[in-house]
Amino acid sequence: MIKVTLKDGKVMEFENTTTPGDVAKAISPGLYKKAISAKINGKRAELMTNIDKDCNLEILTFDDEDGKWTLRHTASHILAQAIKRLYPEAKLAIGPAIDSGFYYDIDADFSFTEEMFAKIEKEMNKIIKENLKLERFELPREKAIEYMEEKKEPYKVELIKDLPEDAVISFYKQGEFVDLCAGPHVESTAKVKVIKLMSVAGAYWRGNEKNKMLQRIYGTAFTKKADLDDYINMLEEAKKRDHRKIGKELDLFTMHEEGPGFPFFHPKGMVLKNLLLNYWREVHDKAGYDEISTPIILNEALWHQSGHWDHYKENMYFTKIDEADYAIKPMNCPGSILVYKDNIHSYRELPIKLAEIGLVHRHEKSGALHGLMRVRCFNQDDAHIFMTKEQITEEILGVIKLIDSFYKVFGFEYYVELSTRPEDSMGSDEDWEAATNGLINALNAANLEYIVNEGDGAFYGPKIDFHLKDCIGRTWQCGTIQLDFQMPERFDINYIGADGEKHRPVMVHRVVFGSIERFIGILIEHYAGAFPTWLAPVQVKVMNITDSQVEYVDAISEKLKEAGIRVEKDVRNEKIGYKIREAQLKKVPYMIVIGDKEIKEGIISVRSRKEGDLGSMNIEDFIFRINAEVKEKISSI
């Protein structure tokens, strides 16, 4: 008998070899209808995969991220098949699923345009209706190369030749179409109910600017048209909220061709950035962290010792000083370890919490750069906690609570992923098991539901990722907690235990913002530039109706400044309606209008960005209102 243990702990028994699809049918016809793919012992699998021994099984639907990924992966093959039917001379490169859908890179002697999408989509829908079964088969290396050479697919031939000697070379067939692919896929093309092509762009083969420029067609896929409609509406809203557009309109930051991927923050942007950093420092000071600062350039040998050289060197920048090789840091952890090593530590001191707003540099290909969301230099709010093994659950639980309270201030909901050991990991099986269990215990203690993301941990340890959900439903990975047994070993760091002997501490790497620049980009889009009062670079705009009120505008502005309120004056010779509209466009939370009546009665007339005309009030009541909003960090959208 084969025992299949489901996600809820229920065990089903089968006399003979079965498949996830058969298991789904046995559970209920409704589940099978919704089923997209599966996970067998935590690894992605197809509904057609044979189960011939006891296992843990999870049936995945489109509601699961891995289910979405599988369906959209098949959608990319449907796109490729449609392209080959319509344009047989086109050459296929790669076509993966991505977060928002899928793409396929194509080499053709003509340019694809969005006007051609309707024709391609029509062929894709035809392929879906044909209900073509997806069949997997394998070939030896030489046969695989010969097979793709016969099909005149040079990019596939190159991919096969670059695979390791012992690699399994698999293909997927749907009707007349065959593609080189590792899978997994859905059972048939009919599972992909709704498709839409979104855009076309240039993409260098293998992301290398020295290679040929291909054409990348982007698309997305769903199981319901209503979900596609919601997605299109979200994209339209996202365009309005684009942080690059709003950042320029509000004079927060710019990007320049003199420094691609290196943001320039303007005065108002620095106000916002410093407000976030001040809040971060306030929270971390209360939580017992000590702030440090470490150099951005360190000797290359350090990065060999840390393991970053072997795992991260392609993303690093290098320089020479006095003929010695140095690297610009891509991460803050080695510097924090050197600070820890500067002193002998007792077990009584642990945990030691060292926090740093560190400027890091990571090389990104030019095509991947995107405003503040994908840059080449950014400030990362790292903290490193050095502790005993017995303190793991308690300390990680404390970090989870800190991150939870932090995100709530900005009005974010979030979900949590546990990422496990990757293929290029360092360390023993025992250490990885202990580290992973430490994170699981803390998540359970916090009563947090989490998704397991197999094989996506850091090279030195498993991690917990926090994915923020913004007000239009998009998710952004920001906070991370990583448990590390490897770095303490590599740097030979110790503490003196109660027995007077040296012991190895456990190290936790964690961030809350992640990249502060990226977090600002997320906030701009989350609030559509209309920051809550406590974060607004300009909190109040004071404006006159005629020149006779300029002196009173100056006096009111000074009182507000003395109260710590960020204020600007608008005494231009413009109509008051124009000034109010402009302040609204600049997303200023409050506007004060000064006319003859206000001067005569010693009051101010107040307009709120959100509530409109608030009427007249005295300056003291208005200052109290602003200070209360700032103190309470009200963040309603």
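We count from 1, first residue shown onward.
Cβ atoms are placed via backbone N, Cα and C, with glycine included.
Quick look at what Swiss-Prot annotates:
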- 1-61: domain 'TGS' (DOMAIN)
- 242-532: region 'Catalytic' (REGION)
- Cys333, His384, His509: Zn(2+) binding site (BINDING)
Among the binding-site residues listed here (His384, His509), identify the one with the smallest other-Cβ count within 10 Å. His509
Same-chain shell around Zn(2+) excluding Cys333, His384, His509, C-beta within 8 angstroms of the CB centroid, reads Met331, Asn332, Ser336, Ile337, Asp382, Ala383, Gln482, Asp484, Met487, Met507, Val508, Arg510
Which residues of the same chain, at least 6 positions away in sequence, have a Cβ lying under 8 Å from the Cβ of Cys333 (Zn(2+) binding site)? Ser306, Asp382, His384, Met487, Met507, His509
Taking DSSP states H, G and I as helix and E and B as strand, how many residues of the domain 'TGS' (1-61) are helix, strand and coil? 14 helix, 24 strand, 23 coil
The region 'Catalytic' (242-532): mean pLDDT? 92
Helix, strand or coil for His384 (Zn(2+) binding site)? Use DSSP. strand
